[in-house]
Amino acid sequence: MSDEEHHFESKADAGASKTYPQQAGTIRKNGYIVIKNRPCKVVEVSTSKTGKHGHAKCHFVGIDIFTGKKLEDIVPSSHNCDVPHVNRTDYQLIDISEDGFVSLLTENGNTKDDLRLPTDENLLAQIKDGFAEGKDLVVSVQSAMGEEQICGLKDIGPK
């Protein structure tokens, strides 16, 4: 044995913590599922009966939680599907930059400056108007599979 210490610098990410397996037959409407490598909220589930040879199949219709696109998938109900870990975190809005990025205050007092304004017109207008009026705003940030996006807004009163 040598006295040298080995340091492994891993730049690859297996993505293991981004999703977890769940049996297709147990995923319900309003749950989450990964379809075509995109995290989706399930809006419709239908199960077909077993055929002469084989498995009952689950037909999932999901809406991508970041882009809003509709995606579909058909999986045998006994097989496992990937389910994304979806987290929501609230941050206080400090500033909106000229280039469309927001500056947010985290719970431990640091700032988070790597998030863009949402693409949803209605939410975008609410954030910009509320900020212009000098209100204290708290934004909800939804994160899944390494992506983050502002998905909600709360007004906690004037500054």
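The count begins at 1 with the first shown residue.
From the backbone N, Cα and C atoms, a Cβ is placed for every residue, glycine too.
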The residue range that TrEMBL labels region 'Disordered', out of 1-21, 64-84, is 1-21
Mean per-residue pLDDT in the domain 'Translation initiation factor 5A C-terminal' (85-154) works out to 87
Its residues classified by DSSP, the domain 'Translation initiation factor 5A C-terminal' (85-154) shows 12 helix, 39 strand, 19 coil
